């Protein structure tokens, strides 16, 4: 086993690079919701969106914060004689305004899709050069969110300046409409988006498209996990590939502008339960958007219980808005069938002086892992308050609902009182201040100043803890 890398990017005065506000007042926490693409691709319709929204509401996910219902590519039939986009009447017989109104009446927010190119990725009309009329189309149809892709861009990339200019055109057009529209860039991290995205957008993709694989290399995702400035982002990128690319980028994401690691693959494909937990945990840790990519009408109980784990969601929605940092990373000899094997330790500050830590085992065998306070508070000086304090340890997965409870909710299409946290009634910030146990997990011990947290982490699994001062 050998030391591969050590990332230490957190500022000593932790507020100093979080001073820029949201450029449009939106995105104060990472967005949460559902997008059709990972499961349904071009098979979209009014019924799909509205039925999915009903299901998200009925099984309690909306009240956990999954508020955006995002229609991806393939919704248009072209442009009218005035140059405005037209919705496909076969798929959306009542028009987009009707869909928006139905979603708004059920307390959802409506998202749509276009591309900063001549065409969308599926070959439908794109918005390059037509930003103002398309932004007005979205505003007229009461859209709350725009996912803006990168296909058929006529070669207008290659430098940060060229990509910034192309995406800023839509940012300006959206702002000009006067309607608050969350702006989500999907340019795959091309041209160092993490340096300039927060100037014009609320989130930005930082890699090629995700696939439901934990660690499998794929030639269609040619850059390995250490190539954060990937020149050819590709697609079919594994969870670990994307996570490793994201590791140094936390310093560039925060309140109002988030690094987007792509939609969640929990409930998509054949990931193990531990792999799904690791995936969800780490997206929460680095403050990526939590966008469900699965068919919520056919979720298995274990995947549903992951999406509904409010103690982990509370990490993602923490008002401090600081992504966790990867403190250390080692390769291990217990590799999986793809020859991949590593362990990692991540740590990050939370509101009210709390801290979140993750011990991640990317190897193929369960292994003991540990952390000291010097690991956890890696930027603290000797004798600092953090290192001389005892901390209560809360396991953020220990209070996960069991499969029987999850199955009953899914089968009955109803959540009984207090089974799940309701962030609509009480925000995560308020719930934590009130000490709601559903947001803390289960207390499993205390670490003293000279102590060590010891645990055994399963293959492709994670141990995730919230620490709170004992004093």
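Placement of Cβ uses the backbone N, Cα and C atoms for every residue, glycine included.
Small disclaimer: the values here were computed from a predicted structure and weren't measured.
Residue with Swiss-Prot feature N-linked glycosylation site, selected from 8, 454: 454. For the substrate site that Swiss-Prot gives as 72, 73, 147, 251, the extra residue drawn from 205, 216, 329 is 205. In the three-state DSSP classification, residue 454 (N-linked glycosylation site) falls within a strand. The shortest Cα-Cα distance from residue 221 (disulfide bond) to any of the recorded positions (72, 147, 205, 230, 251) is found for 230. Once Cβ contacts within 10 Å are tallied over all protein chains shown, the disulfide-bonded residues 42, 121, 223, 230, 237 are led by 237.
For the disulfide-bonded residues 74, 151, 221, counting C-beta atoms within 10 A of each C-beta gives the highest total at 221. With residue 105 (N-linked glycosylation site) as the anchor, the candidate recorded positions are 73, 149, 205, 209, and the one with the nearest CA is 73. A helical conformation is recorded for residue 403 (N-linked glycosylation site) in the three-state DSSP classification. The DSSP secondary structure for residue 175 (N-linked glycosylation site) is helix. Counting only same-chain residues at least 6 apart in sequence, those with a Cβ under 8 Å from the Cβ of residue 422 (N-linked glycosylation site) are 60, 63, 64.
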